[in-house]
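A.B. asks: Structure in structure tokens, see below.
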Ligand code: AHG
Ligand code: MN
Ligand code: MN
């Protein structure tokens, strides 16, 4: 019988043998994984659990909240409130940070999350997910404030996502490559199913919302036009296209078989740097993709080098197979 390694065993090994993570971080990741298990149960119940449809409210970004956005946010907050390892949390669904109350000494970490990514896919039974990012609380001399969260992505201690699809899979990096864990529903445990995930450097598959084409900037238009020209065009090969509209699902496909994902800045709203959020979408996905040998850029710089200026900051995102992302990045320098 093949030996099955659980998430707990993997993390203990990361802590003891590789010295990558302190015990507090291990416990924090376990709590997040447990919360994802609870969210997975709600997702699976669907109509039977009264979790579909709108919650009748809006988040700070003016987006209509779905019931599952709100439920997932509550599950993550509740699960992480008592462990002692966290100083505060921030989420797509909360205007400002949530400070973990009354603890001494104060927790050493900060947790950010997109509790439910791909909200438009909830009611149509298509893959959705949870994205999370862990930062160290750099200044331990005082209380915690929003400013503590404004750290560049390269300072993340851990990041990952859970995808609720045909399988429920947790994808994690603690800065030592990327590992995937599949939820064994009968046993209720996360089982290591892939280690050292590597994104192929080249690809023939792109992911972008083509309905925005008329609003794109010249470098993005040039790249996609060249892909669409296929074998007869300058790239000399045919390209395929996929767009799930859940970042978790599009990134998961790229981790599995390569590809490039773009949600670039466009002219619809020129003052908005992009649609996706830097701190709890682009940075955690960026950490995972880079740890799998991929590249992540906003067209001008490495996303994980960006110094954030606000909690819900948005960013233009180009990520995936190294050689393709490099090409789009280079096209941006040509203009
Ligand atoms: P969220 O559901 O957390 O708001 O994120 C949705 C994001 C992302 O998952 C996806 O890539 C993108 O929005 C899809 O946007 P379009 O509907 O504009 O294609
Ligand atoms: Mn999202
Ligand atoms: Mn979301």
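We count from 1, first residue shown onward.
Heads up, the Cβ atoms here are built off N, Cα and C, so glycines get one too.
For reference, TrEMBL lists these features for the protein:
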type	residues	note
BINDING	92, 114, 116	Mg(2+) 1 binding site
BINDING	114, 117, 281	Mg(2+) 2 binding site
BINDING	117, 118, 119, 120, 209, 275	substrate binding site
DOMAIN	6-195	domain 'Fructose-1-6-bisphosphatase class I N-terminal'
DOMAIN	199-332	domain 'Fructose-1-6-bisphosphatase class 1 C-terminal'
A.B. asks: Where does residue 116 (Mg(2+) 1 binding site) sit by DSSP, helix, strand or coil?
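C.D. replies: Once the DSSP labels are grouped into three classes, residue 116 (Mg(2+) 1 binding site) ends up as strand.
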A.B. asks: Could you put numbers on the helix, strand and coil content of the domain 'Fructose-1-6-bisphosphatase class 1 C-terminal' (199-332), residue by residue per DSSP?
C.D. replies: 59 helix, 23 strand, 52 coil
A.B. asks: Would you count the other C-beta atoms found within 10 angstroms of the C-beta of residue 92 (Mg(2+) 1 binding site) for me?
C.D. replies: 26
A.B. asks: Give me the sequence-ordered set of same-chain residues, not including 114, 117, 281, with a C-beta within 8 angstroms of the centroid of the Mg(2+) 2 site's C-beta atoms.
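C.D. replies: Those within range, site residues removed, are 92, 113, 129, 130, 131, 161, 247, 248, 276, 277, 280, 284, 285.
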A.B. asks: Neighbour count first, Cβ atoms within 10 Å, every protein chain included; then name which of 114, 116, 209, 281 tops the list of binding-site residues.
C.D. replies: 116
A.B. asks: Which binding-site residues among 116, 117, 120, 275, 281 have CB under 6 Å of ligand 2?
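C.D. replies: Within range of ligand 2: 117, 281.
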A.B. asks: Measuring Cα to Cα, how many angstrom lie between residue 275 (substrate binding site) and residue 281 (Mg(2+) 2 binding site)?
C.D. replies: 10
A.B. asks: Considering only the binding-site residues 120, 209, 281, which fall within 10 Å of residue 114 (Mg(2+) 1 binding site) when distances are taken between Cα atoms?
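C.D. replies: Hits: 281.
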A.B. asks: Which binding-site residues out of 114, 120, 209, 275 lie by ligand 3, going by a Cβ under 6 Å?
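C.D. replies: Within range of ligand 3: 114.
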A.B. asks: Cβ-Cβ under 8 Å from residue 118 (substrate binding site), same chain, 6 or more residues apart: which ones?
C.D. replies: 126, 127, 128, 129, 244, 245, 246, 247, 248, 249
A.B. asks: For residue 117 (Mg(2+) 2 binding site), just count the other CB atoms lying within 10 A of its CB, please.
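C.D. replies: Here the count is 28.
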A.B. asks: State the Cα to Cα distance, in Å, between residue 116 (Mg(2+) 1 binding site) and residue 281 (Mg(2+) 2 binding site), rounded to an integer.
C.D. replies: 11
A.B. asks: What other residues of this chain sit with their CB within 8 A of the center of the CB atoms of 117, 118, 119, 120, 209, 275, the recorded substrate site?
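C.D. replies: So the additional residues around the site are 121, 245, 246, 247.
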